[in-house]
Every structure is written in C-alpha cells, then in structure tokens.
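Student: Dropping the structure in here first, questions after.
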C-alpha cells in the first residue's frame, strides 16, 4: 500500500513538472499589407515570399492584402482585419507609405501586435506591442559597386534623385567601385547617373534608359522598384545588376551579373515567434543587413572572374563581422543618407522628364469672352462720357447724381476686367490673384451701391409717408459712400488674407480634363486656406444679394418718379441672384476646369452687362422720350371747406406745382404750369392727377407744350 501511494505521489510530481515546462503558445493570426501586387517579381514578391516561408515554419496561415498604397486604403484594410469576430493579432506592413496609417490605427488597438516597415526617425510608437523593421540602404549597392569595379566596365545608374531620394545609392555604388583595388593596367571603371524623380514610372525610366544606351555604357544598375531600365539593357545585349530584392537570375539567367536578395522571412519569423511565445520585446526594431542574413547574394554570372567572386565573399564576411567599409571620410550612416549631391568622379547626366505639350482647346471661347469684356468696358466708358457731358443737368441724372452713376459703371468695368483676366492663356501669380480681386471688388461695388441706395430710398420714402412731408431731394452720394465703406473694408480684408495665406498661383496641370498624360493646361490654383477664404467671400456676396432681394421687395411700393430707379435696382438685383443660382446648379455637375471657367465668365458678363443696360437704359429712355399723359381723366374736386393754415387739395396741389416748377428750372426747362388758387366754397378746382404723382413727367410735358 505504501508503495502504491509512493508511486502515485511520484507520478503526480512528474506531471506537475512536465506541465510547468510546457509553454502555452498563443495563437497567431498574421496579416500582411502589400503596396503593390504580389506577382511583380520585385519587392512585393519578396515580401510575400518571406511571409510564405514564415507560414511554413510556424504552421499558421496568414492573409495578404494587395494594393494598400494610400493612407485611406491602409487604414481601412487594417480596421477591417481588426473588427472581425476572430481578429488578426499581428499586422505587418511593407512600405513607408503605409506607416502613418498603421501608427494611427495602432494607437486605438493596444492589444494587437504591429510590425511596421520604415525608418521611424523621430516618431514614437503608440504602445509597447508596436515593432518596426527596416534594412540597410547603402551596403547592397556598395557590394554591387565592388563587383562592377572589379569588372572594369562603364556602368550607368538610374535613381529617383532628390527630393524623392537622395544620392546615397549612387554614391554608395561608386564608393564600392573605388574600394576595389584594380591591378596595374586594368581599365578604370566609370559611373554615369540619370535621375527620374520616381521609383516606378515607366515612361521616365524608359527615357533615362535611352540616355544611358547612347553613352556607350556596358552595365546598368538602379535604385528603382522594377526592372524597366535593366530590360532595355538586356534587350540590347548588355548586362545588368538586380537591386530590387528579387533573384533576377531566375528570370534572366547569366545576363544578370549579380543580385542582392532580400530575405523578409527573418524579421517575420522572429516577430511571429515572439507573439506565439508571448516574449515580445518592447521597442522591437529589426535592421536588416548581411550580418543577420537579411541580405544575401544570388548566383554569380559566368562573366564574374573567380578571383573577383572570392574577393566579394571576403567583403561580405567583413561586413558580417561588423565592419562598415561603405562609411568613408568619417561620415556616419545617417549622414550618407542625407547626401544631395553626387560624389566627385560620377558623371551627372541630370534629370529626365517626359516632354510635355500645352493643350489650348478653348481659344475661340476665351477670345469671345475677352472681346465681350472689352466691349462692356467700352460701353461703360461711353455711358460715363454721355452722362458727364450731355445729361449732367438732366433731372433723371441729377436725382441719381453723377458720381453714383460713374461708380455703378466702375463696378461693372471691374467685373469685365476680371473676365478678361479669367480668359487669358498665359497665366502667372499676379494674374491669378488679380482676377479674384477684380471680380470680388466689382461685385461688391455694383451690388453694394445698389442695395445701399435702395435702402436709403426706402428709408426716405417711409419717413416722408410717416411725416407727410412732400419735399423730395436726391440721396447724397457722400452718404452712400459712408454706408459702403464697411463693406469695402470687409472685402479688402478677405482678399488680403487670400493673397497672403491662400498661396494663389499658376500651375501646369498634366492630364487634366481628359487630356493626355503628358499634355497640360495652365490653371490657377491655391491651397486649402485659399479655398476657405474664397468660400467666405462667396458667402459675403451671397448675404449682400439676400439683403438686396429683401430691400428690392420692400421698394416695390415706391411710386415717386424721383425714386423710380429703385425699381430698376430691384430688377438688377433679381437678375444677379438668378444668375448666381444658375451658376450653383451648373457647377454641381461640372468637373472640367475649362467648362467651369466658361460658366463663370458667361454668368458674370451677362449679369454685369445686363445691370448696366437695365439701370442706364431706363434713364436714357426717359430722357429721349419723356412719358406722355397717360390718359387719366381730369378729375374735378368738389368744393371743400377752407381750413386755417396749409391744407386742402388746393394747397397740396399748389405745393406740388411749386416743387415741379423748381424741378423744371433745375433741368433747364421753364415750367408752364401754375398752381390753382383756392377761392370760396363754391369755387371748383381742376387738377391733373398725373401732375401730382409724376412731377418730372409733368415738367417734361410742360416743356414740350412751350416748344410748340
């Protein structure tokens, strides 16, 4: 019995010991985001290959998402991976373009592990479960440059160039060429570099490759993500290096002298293992290089001498041992990455860009608007001359005042100038800024002076009705200006902010409005602040129109001939408001910049030109053809009792007749009317109602009768 108990205790202790040494692995659900397609035989292929090897090692399936090449697509894809019933707990990115989105969403998911690709620099990870990985950007090109130096060939290299990528790849390659000690009598290798401002643009890479092929260059290399330039050299029976992480000899054979292969399985497996074993290192950072087997060389081409192979392997061993032969002249690795100039000895072939052609398909439309705007300015000038020199003493002009008439013409002319600038072909910053100023100030003057005078007329009319005062006098121009100054200040402040903070300017827009990729049109642009200020300016003018419609509705009851222009003002305001609604409706469905400019120009010309014709056309028509008797009957008033003081119809008529006579003398016309005198109760007074309500027309008829 004791033996049985002893054996049971021993068995229990053994089980406890065994269980205590068994690790409780955590389930791993990996997901990888690629910037491009998995089958590109480049960086995306190698990243996916590293994930596939990691899957085999940990025996866990993973998910791969292609084309996560923007902030929004990266953020949305990661969020969908984490908001599932069985969420992924290890998210891996593969491009620096995905870094910002991954860091942002990682701050909201502190229980999820992230392995983010890229150089963090001064950025901080949001929590301890966020790790990073990157690789040496210099050592691979240094090693390939060493091989090129040993071959003694002329090499051409295509790089993005600053500001897309500094010249550290070209300088590292050239440093490797010089690091090789050529034997006596061996040819000196050379390096020529062309920049394209892009990692993967096919057209610019092709153009850069053509430049290198015309320079009697034997071998090409590059720091781009595809093999466009290499293919051009291989098709021309020349040779190339593989630099995008894929073992290019698998495709092109011995025509690829050597490739530096990226082994992404190393960081992926290390991160997945830490998640499984729950041994994640805070601040985990992997920096790939030859010393941790992230980089390794592909098969050598038969073109490489065996001695050079051995020398290259010795160089790799030196780097694995911790040496950094690519660091010269006391520069640190970080300083090498900051090099914006090519090293002395490199032939700089400059930047290549695909030639662009300007497209100008709206020439006839623009010329038409420019001609109409010039015509509008000319008509405004002619009207101003006529008002000043021919009708300055006409009562229709006197009640408007000459300065007011000229100010209305000035506002319309400023709008015409804006439309002229809007349709110029050759643009610059000054033109782009000036057209906004002219349009805003023009409408501010035109609308502002109309609504202010309409308001003053309405207030004066209400005061006359309230006080029963029949004395009528023109609205002083100075009073209108005083009311307009605040509107002008607001407009100028907004325009100054737009000019200083909105950064308006001209840009050559490639491929805009359906034209070719390398065709461009000149357009005016501004930044986000400029857009906001423009919207505020539009709201400002919209409020002016809204108030104008209200005051126009109120002035409909004014029947005094001296203030009849208030009805013309109302028509002008309604017209501008209608055009504004038309612009909004048309602009909603229009995406073409040229079509938008056409709509703006047409509505601006129509509204401003029509306002001038409405306001001054009515005035000139009354001057040219005074209103005749409208056929109203001569009403004989019955005898009324005479009251003390001024009263009764006779006095009222007499007062009105005196005022009419004064108006006639002011306009240079001698009045032939006289006020009837009040007699006894039996006297009969006969008046013409038209003389009472329309004194200007009465004086005009009197002048016509005298002429006869």
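Here the Cβ of each residue, glycine as well, is placed from N, Cα and C on the backbone.
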Student: If you check the topology given in Swiss-Prot, are residue 263 and residue 460 found on the same side of the membrane?
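Tutor: Going by what Swiss-Prot records, residue 460 is on the opposite face of the membrane from residue 263.
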Student: Can you tell which of 21, 651 Swiss-Prot marks as N-linked glycosylation site?
Tutor: 21
Student: Among 308-328, 329-349, 350-370, 371-391, find the range that Swiss-Prot records as transmembrane segment.
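Tutor: Per Swiss-Prot, the stretch marked transmembrane segment is 371-391.
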Student: May I ask you to indicate which of 436-456, 457-477, 625-645, 667-687 is given in Swiss-Prot as transmembrane segment?
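Tutor: My reading of Swiss-Prot: the transmembrane segment range is 436-456.
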Student: Of the ranges 270-290, 480-500, which one does Swiss-Prot flag as transmembrane segment?
Tutor: 480-500
Student: Of the residue ranges 402-422, 507-527, which one carries the transmembrane segment annotation in Swiss-Prot?
Tutor: 402-422
Student: For the transmembrane segment (402-422), name the stretch out of 371-391, 436-456, 480-500, 532-552, 569-589 with the most CB-CB pairs under 8 Å.
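Tutor: Selected stretch: 436-456, with the most Cβ pairs under 8 Å.
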Student: Where else in the chain does the topological domain 'Extracellular' (501-531) make close Cβ contacts, counting only residues six or more beyond its ends and a cut-off under 8 Å?
Tutor: 203, 354-360, 425-429, 431-433, 435-436, 591-594
Student: List, by number or range, the same-chain residues at least 6 past the topological domain 'Extracellular' (423-435) whose CB is under 8 A from its CB atoms?
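Tutor: Same-chain contacts beyond the ends: 360, 363, 365-367, 369-370, 373, 498-499, 504-506, 522-526, 597, 601.
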Student: Count up the helix, strand and coil residues in the topological domain 'Extracellular' (590-597) according to DSSP, in that order.
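Tutor: Reading the DSSP string over the topological domain 'Extracellular' (590-597) gives 5 helix, 0 strand, 3 coil.
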Student: Any residues 6+ beyond the ends of the topological domain 'Extracellular' (590-597) with a Cβ under 8 Å from its own?
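Tutor: Contacts with the topological domain 'Extracellular' (590-597): 361-362, 422-423, 509, 512-514, 521, 523.
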Student: By Cβ distance under 8 Å, which residues at least 6 away from the ends of the transmembrane segment (532-552) in the same chain are close to it?
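Tutor: Residues packing against the transmembrane segment (532-552) from afar: 436, 440, 443-444, 447-448, 450-451, 454-455, 458, 487, 490-491, 494-495, 497-498, 501-502, 526, 569-570, 573-574, 576-577, 580.
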